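So the structure is just underneath, and the comments pick up after that.
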Amino acid sequence: MIIKPRVRGFICVSTHPTGCEANVREQIDYVKARGPIANGPKKVLVIGASTGYGLAARISAAFGSDAATLGVFFERAGSETKAGTAGWYNTAAFEKFATEKGLYATSINGDAFSDEVKARTIEVIKRDLGQVDLVVYSLAAPKRTHPKSGEVFSSTLKPVGKAVNLRGIDTDKEVIKETVLEPATQKEIDDTVAVMGGEDWQMWIDALLEAGVLADGAKTTAFTYLGEKITHDIYWNGSIGAAKKDLDQKVLGIREKLAAKGGDARVSVLKAVVTQASSAIPMMPLYLSLLFKVMKEKGTHEGCIEQVYGLYKDSLYGAAPHIDEEGRLRADYKELDPEVQNRVQELWTQVTNDNIYELTDFSGYKTDFLRLFGFEIAGVDYEADVNPDVQIPKLVQV
């Protein structure tokens, strides 16, 4: 079938298998061109491995450090008549290229919050790898079923304590709009912490430690975004911020446990990029469009693969890691450059319906958004017939 982008709100409901493969190849080529990561990881578990930062973490480990990788995610296969999810095609492509290079690559498809997926992951590590020396936690999910109580929690994107008026772009109509977000209730805050906080990361590490599948000296990192004052009402000071603060608390206990084995645990702060998660946040398309404009002009613009490869090389496995006073690894320092933030802040109030394309890089934002789903990739023939039924040969389905 011939597949074209079909966008509804902040989701593209179609995906292009060939485009997703080309996108993965571009990221692999970037890592290969930058050269190997000195003293990098060799056996890596990535939880949330199929898109965005998690996929970049898997690619960087495999092609920057010749690592065996095990990826966990929750994706949907395609059929002859219906496209699957982008993460499915990304993984099929990644496994194909990793196998061609002679690298171990296996994937587990299921709910990473569940005990079943944790148990199955441990089985596969024991069978194939023995132990892992890096665990990357990169889950982005709107809901979580608690593995012990069975309670279902939903995350909420709201301010805390006061209503907030946010500027943003209506990405369908391409106009500036103001959105009023009412404050979260205590239950909404608690539920957001249950979904996006550090409990599941801690459960993963505890399960891996108990099973004896974490190598001596093993590291773990969880990815997060903090942003600057322009996004603070909705991030750091909002319901999501409560979850991020929980992550900062939970990492201390995880670090202590791993330190006993000569290892380490860190929260890694990455820059704002276009992802399926960020496009759902009312102000982010406008913020990202302005950020892209300013950072591209400065020559400091980066996407997922540049960020994560840099995080591995400079901080996770570098001699002089970028670390803040809270002990977090920072890869977002180019975004937080005061010159960049001040310029974004200046432009923030100047943007109108008439000058969106002039003052912002909204066209770059739209391209990046479509690239998530395998569209707008150079060299791909979008008029060609494509089969959406793509297999992942080494998939473990839970």
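Every residue gets a Cβ built from N, Cα and C, even glycine.
When secondary structure is read from DSSP and collapsed to three states, Y235 (active site, proton donor) falls in the coil class. Annotation comment: Swiss-Prot describes Y235 as active site, proton donor, evidence class sequence analysis.
Positions annotated as NAD(+) binding site by Swiss-Prot, on the basis of sequence analysis: 48-53, 74-75, 111-112, 139-140, K244, 273-275. Sequence-distant contacts of G48 (NAD(+) binding site), defined as residues of its own chain at least six apart whose C-beta falls under 8 angstroms from its C-beta, comprise G54, V72, F73, A112, V136, Y137, S138, L139, A140.
Under the DSSP three-state reduction, Y225 (substrate binding site) is assigned to coil, being neither helix nor strand. Per Swiss-Prot, the feature substrate binding site maps to Y225; the stated evidence is sequence analysis.
With a cut-off of 8 Å between CB atoms and residues at least 6 apart in sequence, the same chain places S50, G84, T85, G87, W88, T91, N109 near E75 (site 'Plays an important role in discriminating NADH against NADPH'), listed in sequence order. Feature annotation from Swiss-Prot assigns site 'Plays an important role in discriminating NADH against NADPH' to E75; the stated evidence is sequence analysis.
There are 19 other Cβ atoms within 10 Å of the Cβ belonging to F74 (NAD(+) binding site). Between G52 (NAD(+) binding site) and Y225 (substrate binding site), the C-alpha separation comes to 13 Å. For V274 (NAD(+) binding site), the same-chain residues lying six or more positions away in sequence with a CB closer than 8 A to its CB are L288, Y365, D368, F369, L372.
Each of the binding-site residues G52, Y225 was assessed for Cβ neighbours inside 10 Å, and the highest tally belongs to G52.
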